[in-house]
């Protein structure tokens, strides 16, 4: 049964695309055709995206104070808006769903201007700039960590959680395995879809400072940027520590599930995925985010005992080595953290968001949806 087209708008980074991918799976399973509109930067993350068609429209970030660059950005957004209008007029989607970031601005502005039911999904605990710009225009605001009943858009906010991909739900079925005694200890290090240069320096330096007995137990999976990869590999090879180092892992959910401990950033998708899978984590929020959204995301998980949060400026190699040594020597404490993480997970977020999309596409309201949701 073909229920019509739902157009998803997501781009910029994998953090915006992954929840859109999860929603796409859910919508297609219930009979919708799903199209994705994105930007050129995000195309490398769309290989497994279950869209019937993928469309690329121009977009740009408005942040520069340079008048020439600002003019170029505005022109690119205007070009994207015109392209999005043509696309929507041709597809005639039943609804348009945006997942944040400036690549969603042209499609959502076009959709709301053309009277198409529209929704934005905010993954973080703090609403991003693009979503703030769009929130007053759309019918509903779905929140990964946003609470219901507070804020300027309380009446239209639904706390759906962040949808996670089928691979994450599958990985959630793998129970946590504490590494007691001399058992191998798998450390997984990643920094979001673009890697984290800080970890490429800090983690190998910390491993250098571990006792030989601990290093002999250690196996590392680490995401590193292409320019950092060879240097990271060289350190682990010198130490005799088995390590897989790559800019991007296609099977990240499975690697998270196999970990005894994670060291990672705290983007919304990352926090949502590790909580659904249920693994202990050292979270190091990205320190340069304008809205400090990663710190807020991390705090939500730490409040349930599912993670330890450390500011990057406070995480020296010596301190990280001590944290690793303590973690490797206390498997019961890590098991408790894993349980705390799992308690915060929302594995049904994709289903709930799909129900909201269907309700708004059918002409219902957020108030009616809240009365009937299950």
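If you go along the chain as it appears here, the first residue is 1 and each next one adds 1.
Each residue, glycine too, has its Cβ placed from N, Cα and C.
DSSP classifies residue 294 (UDP-N-acetyl-alpha-D-glucosamine binding site) as helix under the three-state reduction. Of all Cβ atoms in the protein chains displayed, 26 besides its own lie within 10 Å of the Cβ of residue 294 (UDP-N-acetyl-alpha-D-glucosamine binding site). Look at Swiss-Prot and you will find 13, 14, 15, 124, 165, 193, 294 tagged as UDP-N-acetyl-alpha-D-glucosamine binding site.
Of all the Cβ atoms in the protein chains shown, 27 others lie within 10 Å of the Cβ of residue 124 (UDP-N-acetyl-alpha-D-glucosamine binding site).
The number of other CB atoms found within 10 A of the CB of residue 15 (UDP-N-acetyl-alpha-D-glucosamine binding site), across every protein chain shown, is 24.
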